[in-house]
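Features reported for this protein in Swiss-Prot:
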| type | residues | note |
| --- | --- | --- |
| BINDING | 48-53, Arg130, Ser138, Tyr193, 227-232, 255-259 | 3'-phosphoadenylyl sulfate binding site |
| BINDING | Lys106, Thr107, His108 | substrate binding site |
| ACT_SITE | His108 | active site, proton acceptor |
Amino acid sequence: MELIQDISRPPLEYVKGVPLIKYFAEALGPLQSFQARPDDLLISTYPKSGTTWVSQILDMIYQGGDLEKCHRAPIFMRVPFLEFKVPGIPSGMETLKNTPAPRLLKTHLPLALLPQTLLDQKVKVVYVARNAKDVAVSYYHFYHMAKVYPHPGTWESFLEKFMAGEVSYGSWYQHVQEWWELSRTHPVLYLFYEDMKENPKREIQKILEFVGRSLPEETVDLMVEHTSFKEMKKNPMTNYTTVRREFMDHSISPFMRKGMAGDWKTTFTVAQNERFDADYAKKMAGCSLSFRSEL
């Protein structure tokens, strides 16, 4: 029980103006010694935007579609999470030491906190963006079950914090826009969660082309099936059920909850939706990004 008391619900800490989980903020110092390699591939997302999904797709690509190899370890061991650090579990940097090249890496960090070495080495990036309303709802449920986060409070208060960028990793609006801008000068494949839901095979083909690999069509079809939400939700190597309960309590909300586009409509009130839309229009003014909030 002592460990639970030790880790449970610490307040966010600000680093360069960005709020972060306390333990992740502590990882940023050691992360400065990280050395990227030109053959690394970085998976970047704002939280709750399809990170685990695209991680599993890329690991399958790197393993040539071999399902057995993809069952070698949980996804967070196969794709090291750069800024990850909580008591009693190997940190992202520690996991990285045992990861053979070519490495898949994961981050949610905004550019202000990203290790410069990743940009200097021109590391390829697969970025996935998801519509803000579904992210907010999914993040709210995740805050409830992941005990390294502060308690989210009511949905209404959490939504206000989300809109103000006062949740872990800060502003969704800034995150999606700055990585979009980076794609003009850096090798970034910018994908949309909704496109992946609509036509996963098409999006997997884009990823294959981006990483310079090819697989037989029947292998790609197998990947589409194996990386479907239904399959990943029941796969202990992707659904985070191997994580100890004092960190993630799946009885509160499963890590893989619904995996759909448009679920926000079951949560937002009409008034919240109108307020959100007005605020969204201001924050995204002048940005060429376009999101679909349902399919």
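Glycine is no exception: its Cβ is also placed from the backbone N, Cα and C atoms.
A map of Swiss-Prot features onto the structure.
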residue	record	DSSP class
Lys48	3'-phosphoadenylyl sulfate binding site	coil
Lys106	substrate binding site	strand
Arg130	3'-phosphoadenylyl sulfate binding site	coil
Thr227	3'-phosphoadenylyl sulfate binding site	coil
Looking at the binding-site residues Lys48, Thr51, Arg130, Thr227, Lys230, whose Cα is closest in space to that of Thr107 (substrate binding site)?
-> Thr51
For His108 (substrate binding site) and Lys48 (3'-phosphoadenylyl sulfate binding site), what Cα-Cα distance in Å is obtained after rounding to a whole number?
-> 10
Other same-chain residues whose Cβ falls within 8 Å of the Cβ centroid of Lys106, Thr107, His108, the recorded substrate site, in sequence order = Leu42, Ile43, Ser44, Thr45, Thr51, Phe81, Leu82, Glu83, Leu105, Leu109
Can you tell which of Lys48, Lys106, His108, Arg130, Lys230 has the least company, meaning the fewest other C-beta atoms within 10 angstroms of its C-beta, among these binding-site residues?
-> Lys230
Under 8 Å by Cβ from Thr227 (3'-phosphoadenylyl sulfate binding site), counting only residues of that chain that are 6 or more apart = Trp53, Gln56, Ile57, Met60, Pro200, Ile204
One finds that other Cβ atoms within 10 Å of the Cβ of Thr107 (substrate binding site) number exactly 23
Sequence-ordered, the binding-site residues among Lys48, Thr51, Arg130, Lys230 whose CA is within 10 A of the CA of Lys106 (substrate binding site) come to Thr51
Spatial neighbours of Thr51 (3'-phosphoadenylyl sulfate binding site) that are distant in sequence (at least 6 apart) but have CB under 8 A = Ile43, Thr45, Lys106, His108, Val128
